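Annotation comment: TrEMBL describes D362 as active site, proton acceptor. Per TrEMBL, the feature active site, schiff-base intermediate with substrate maps to Y450. Taken from TrEMBL, the feature domain 'Copper amine oxidase N2-terminal' applies to 39-123. For 143-239, the entry in TrEMBL reads domain 'Copper amine oxidase N3-terminal'. Per TrEMBL, domain 'Copper amine oxidase catalytic' is recorded for 290-697. The annotation 2',4',5'-topaquinone is assigned in TrEMBL to Y450. Taken from TrEMBL, the feature signal peptide covers 1-17.
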Amino acid sequence: MWLETLQWVVAALGVLASTSPTPAPQLGASIFADLSPAELRAVRSFLLSQPELGLVADRGDSLASNSLFLVELQVPRKSQALQFLNGGSPRPPRLARAIVFFGEQAQPNVTEFVVGSLPRPSYYRAVSYKGRRPIPFAARPNTLLEYELMHRRLLELTEPLYRLLHDTTGYWYHNCSQRCLTFSDVAPRGLGPGERRSWLILQRLVEGHFLHPVGLELLLDHRSRDPRRWALQQLWYNGQYFASAQELAWRYERGELALARPPTPELLFSTYVPRGHFSTGTPTAVHGAKVCEPQGKRYRLQGNLVEYGGWRLALRLRSSAGLQLFDLRFNGERLAHELSVQEAVAFYGGSTPAAMQTKYIDSAWGMGTLAHELAPGIDCPEVATYLDAHHLYDAAGPVRYPRALCLFELPTGVPLRRHFDSDFRGGYRFYGGLEGQALVLRTTATVYNYDYIWDVLLYPNGVLEAKVHATGYVHATFYTPQGLRYGSRLHRDVLGNLHTHLLHYKVDLDVAGTQNSFETVDVRFENISNPWSAGERVVQPRLHRRPRRSERQAAFPFGRALPRYLLFSSPTQRNRWGHPRSYRIQYSSQAGRVLPRGWREERGVAWGRYHLAVTRHHEKEATSSSPYAQHDPWQPAVDFESFIRNDENIENQDLVAWVTVGFLHIPHAEDVPNTATPGNAVGFFLRPFNFFDEDPSVASRSPVIVRPQDPAFTHVAIQRWTPASPGPCISTEPFTYNGTYGQE
């Protein structure tokens, strides 16, 4: 068994021992590595072989079957992981998390299991979320099968509307072959627990169909496990509601409808095909600036271990929610146990039923599985290192997603630090500068119309930045004059609906150890006697420190000013100058509330009440959301408010920071063809604050120092630790892109 474990480790790392000068960190990082295709298949085969579960290998066209939905890594408990990483304890068992839809039972449900141990699983056990409430079947994420069945049922249900759609849009749904309509569905699927009713927006199936609504929205009830019982409950057409497709068709035949106008022939406005020109005439048909590596890569990737400058961390892309980093260290010291994406939401407003119902909670769509192929030279530089991902999510086996992540070193375009030391007589004493660079870890999540670009940047001065850009197409509805209260008209029949994006992160900080305290620091003005001028007063700022001793004191709701310094410190460790060694969270965000506190769906995103909440670490509070929040936000499986309701003491404890960032997006004409990234990036920094004795980037060999050697400044001494010329940097490889992914 020992030999088999060692062989598995080497295989998972995918490197030869001779290439690794530091094997121990690799072994440590591998406990956080995503499951391999072989491991995914092993878990699936084991669960299918358990007769009591009654799982089907191929569910066919039936929702009334017991099916395996998800398999991914079950991360080791933090205590186990740290005992192993710190030495002296055995490797934690390698486990899997599995989600099963039990649709065949009289009382169908969703159950999660832990399966162990890999590489040859031999047991499983059911697990529950905090509170132990079972997961209702209606709360399950949508599957590809359910979407296919929805499509088939719509082919039947829209038959009465063929003439209306054909005449007014030039496209149709029923019996379509060429000029077809498609649909976008919104969620949550109903107005309360147990419902599964979805509003569907019909759109022309063209490139960028999100911007081509035809003015018809349908409410489909698909709660039953028998698709033959699915029915349209309501329809909305061009500002009016109808009880059935037959009523709408009858009104059209009688000429009693205010009709949506058919499209006019013109260049497809939702396409990326260039049009127009810039006024200056400067060239755009040639390549712009590129990232190059004149002397090779300055980072190292071994398996899932990333090393760059002083940084070392473990990387994974979990199927359920996306990017997750573990064991983040700088110069050998652990700064955080975990930094991970937890959730992304977009809550909308509008005058159409679909718009007013749209409250997207994106982990329900498997954000990690939505990281499709990154395009070299566009999504990431050509010189980036690309990583594939493997997921078993709503599929009969592992699916390979090529180039799902990338790593690259980025010139920031601004010095990390610099100084021109003027002599104030037209000369200078010296110039010193350190070029600015950062290592970027990047993945994306295309949650239907929206594309999120998830970045983590590692800087050589011990600073980490977590950032997300929003791009992709806006979620648009059919324009009516009433809609202007909820957005902007983007085209003749298109309204871009206002919405708020919130992104949520977990940051399990371990600043100079697992025992940390949290305080906020800001300034207050004092009015004191002037000690050097009798009778005068001095008004000046002074530091105002406030230790936050309990979870409630460390929860900062939206609507109130966030203190400017948020410090996590070691109560026992101090730097050379006597300060507690600390790290600071610094925000770059314009986040606000998506709904009033306590209002129906808002319970499902209770974490979205706070800029920041600091809690004690508990294994039962591992995530702030779940895959079921989208379809049952009214009774969420994870109640984030319970994390702080007991108001535990957080002094000298193992602390977790829950960070919310976001922005309000009021779509505008420039969101056509789709939303650009400049100005649509939010995030936060982790910055050392007296953690070190000086800026640790002094260890970099990239600075340049210039010192004049004579009074006339005709001779200078240039001191540098890198070659004077980096040499040529030209890539001869042509652009390639495949874009496909499939089962292995």
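Along the chain as shown, residues are numbered 1 onward.
Glycine is no exception: its Cβ is also placed from the backbone N, Cα and C atoms.
Note that the coordinates shown come from a computational prediction; the quantities given were computed from them, not determined experimentally.
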Nonlocal residues around Y450 (active site, schiff-base intermediate with substrate), in sequence order (Cβ under 8 Å, 6 or more apart): A346, A470, T471, G472, Y473, H475, T675
Around the Cβ of D362 (active site, proton acceptor), the count of other Cβ atoms that are within 10 Å: 25
Whole-number mean of pLDDT values that fall within the domain 'Copper amine oxidase catalytic' (290-697): 96
Within the domain 'Copper amine oxidase N2-terminal' (39-123), residues counted as helix, strand or coil by DSSP: 18 helix, 27 strand, 40 coil
DSSP helix/strand/coil residue counts for the domain 'Copper amine oxidase N3-terminal' (143-239): 31 helix, 31 strand, 35 coil
